[in-house]
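To start, the structure under review is shown below, and the notes come after it.
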Amino acid sequence: MTDFDDELSLAELTETASEVDQPRIARAVREILLAIGEDPDRDGLKETPARVAKSYAEIFAGLHQSPSDLLATTFDLDHEEMVLVKDIPFYSTCEHHLVPFHGSAHIGYIPSHDGKVTGLSKLARLVDVYARRPQVQERLTTQIVDALMDNLQPVGAIVVIECEHLCMSMRGVRKPGAKTVTSAVRGQLRETATRAEAMSLILGR
Ligand SMILES: Nc1nc2c(ncn2[C@@H]2O[C@H](COP(=O)(O)OP(=O)(O)OP(=O)(O)O)[C@@H](O)[C@H]2O)c(=O)[nH]1
Ligand SMILES: [Zn+2]
């Protein structure tokens, strides 16, 4: 029996409402601490398994959130030109090493002919729904653009993501500052002229 038996720890572990099994994470973190040769019962580490569990519930909350619910609120505007929200900062977790990758997302779309648009904040929330999961940057990029296409039926959409991966900075190849850029383009934005306009809006700083 550990300090993180379900009954014992439930109260302290449910502050962040979530479907993530926090007691189970806490038990696993205690094991990791033991495995690296630490003493999980020393003062500074006693609360660490519970803290990590709470933190994981937040970091991986996107696994239990639906992009369709998020994009369900739409309104009609007579606007058939490009809408672009750029420099949306976010943090995600590399699914290979479970360390962060972070950077900016840029999202643009040309609304459907009936002018179906979503609130600008929903685009930023959409990034978090997919970023708060174990991820790779390429999948994060295509999931965001496909969610836009499926839910808003726009004429076209583009997502560009620029990130630094801590698995490449703090360990392994150790190249801090290296940036990875990915893009995904759908619909009319695949056409050269429109795509070039979107890219110049995104990258022109
Ligand atoms: N394509 C892609 N690769 C990623 C992403 N995040 C991390 N990686 C890479 O995943 C690869 C995993 O490679 P492995 O050889 O299995 O693992 P490793 O021995 O820890 O690799 P090193 O990082 O080179 O030490 C590494 O090259 C990482 O840079 C991502 O979002 N997309
Ligand atoms: Zn990694």
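Cβ from N, Cα, C; glycine included.
What TrEMBL says about a protein is an automatic prediction, not a curated fact.
Small disclaimer: the values here were computed from a predicted structure and weren't measured.
Copied over from TrEMBL:
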| type | residues | note |
| --- | --- | --- |
| BINDING | CYS94, HIS97, CYS167 | Zn(2+) binding site |
| DOMAIN | 25-202 | domain 'GTP cyclohydrolase I' |
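Around CYS167 (Zn(2+) binding site), a 10 Å sphere centred on its CB holds 16 further CB atoms from the protein chains shown. Look at CYS94 (Zn(2+) binding site): DSSP puts it in a strand.
Apart from CYS94, HIS97, CYS167, the residues listed for Zn(2+), the same chain places the Cβ atoms of THR93, GLU95, HIS96, LEU98, VAL99, PHE101, HIS165, LEU166, MET168, ARG171, GLY172 within 8 Å of the centroid of those Cβ atoms. Along the domain 'GTP cyclohydrolase I' (25-202), the predicted structure has mean pLDDT 95. Of the listed binding-site residues, namely CYS94, HIS97, the sparsest CB environment within 10 A is found at HIS97.
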